[in-house]
């Protein structure tokens, strides 16, 4: 039963850009809002402010007063309260009335005219925007005072009176990488706590949230530009890992999709195909690849993504309850244990509680005692739960991952992952798995894979992950970039000393107390913040800013170069199309030539295959014989029929008739077998009768001139036919024949 059409749960998707939903909304447009300021000594009795204060107090009261954060260390999860001072985090009674908000002399109202910080201080001139002409009567973004989200107790001591042009020039003079600077960093609760620490120790409560975000954006911008000049070793490491996986696959096989091909396969279904609704996602912790549908990934994050095992207990050794494998895609059970997704899909007692998120795995208690006692014939380990060969009279047991590593036949048919996860599927779509002895015809032998798997488990304790050796060689080179450590082993950036100097200049620009130790601590905090995110950037890419620093000549040069490259690509596309057509024609010619030589070499074999064997193999009688016949000698004859291993029609007739005679006299033969045998014998006899007396060589000689390997088409077949019929060319008539011919003509 397919549950997909009846379930209205969340669907697999990717992150969308906000302009997909609001195409007219500009990212630089400021949306005005007003918040109450903190309470001062003087109390206001204005009714409007009372209403605002009461409303905000009610809203704050509905939220939990104490928030906690989870800390995960060595697999243990602990909680820690996240508490700030009450008078610093809660909005309190506002002393400014609504009518006084337009005042220009109020010390709490800071008018930001035009600033280089477009995110917080720059007010868009909405009168120039067509989509906002209707709103100019209600709100004037140029004349109205503007409040930021964060307001301090006292009057702000930062008043930006510098014009936008001079401010941008000032930032560009601090560092050439800060041209067209725009703050893009967003603070979180952790940053809020660290900002309180900085203000208390270094900046005397002068650093605001906006300045802190500017400093963090500055560090991200500087690192973005410096990282472009650092030699990358990721490609070498990735290449080494691919070669290592391929080598391990050749030696020991694979149960998680690594090493099968250059394109890593899904660890659950071993598929490499993907689309926009079901893409393959790689874990940034263990580099495992899984489909969204196979692992239950509803939403693909913008940054790094970790599988469940790396997220919860990356440093601990995960052991599957159902098999001895330690690699692959894991999910937790309802009791906290680990089980492979593929094990849960193939064991009939297990199922997924949530089919969209594919977790938790339930039904472990339903696994029968007899299944726990089965011994895997591949790894020889007495652990976990095994499945058995689907052949009716075969009881061979093996683990799911052992079968995957050995390359046994495992097919889910037309069942979907959702149906397998819920154990709700039709009987005609049932899954199948066979041992190496009962694999379907055409499936490659698994003997070599079984030997690889046994070798892997016998050497499991001594296997160690290879480490690339090129890093040490790179560190010993004379490159100036390798003399300085730019990243930690965890790919965390290390801020150089120049970053602290740039931060000091930025802080001086705002006129704050500027101890050098404060800039160094901010750089350390930024590095730890990047380490927390696995080395991923804290802001969006700065490519637009870097392109904005180019001159018109440089931009035009890049455009011309791109156009030249585009023309070359078009030419290359045409050449590849022609090469493809030539290759297809050459392959077709080779196939036709091979077919012609096969016909000339063994004409009766070709005649037998086309007119008898192809028809007989596709018949229901032949398929029934494959199922019912168990004698090895008789099965050999059926295999010869499938591969057309008969040189002449007479040889085939003798062997197939002997086959039917043995079946008729076979002791203990069932009635069904005898009936099928008689029908098949009748069919083969009729087919042989159609070609038994056909001289294929004689027919070929009429149309072709065959001399060893040289074959030419005969221009006219008349002489050959005359020779076959004993005819000769036209001769002169005698006198008697002339008189007889005239007599016949006159009498007519």
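Cβ from N, Cα, C; glycine included.
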Candidate annotated as phosphoserine in Swiss-Prot, where the set is 65, 254, 274, 728: 728
Annotated stretch (zinc finger, per Swiss-Prot) among the listed ranges 215-248, 317-350, 453-486: 317-350
Integer average pLDDT (0 to 100) for the zinc finger (263-313): 85
Secondary structure tally of the zinc finger (317-350) (DSSP, helix then strand then coil): 6 helix, 8 strand, 20 coil
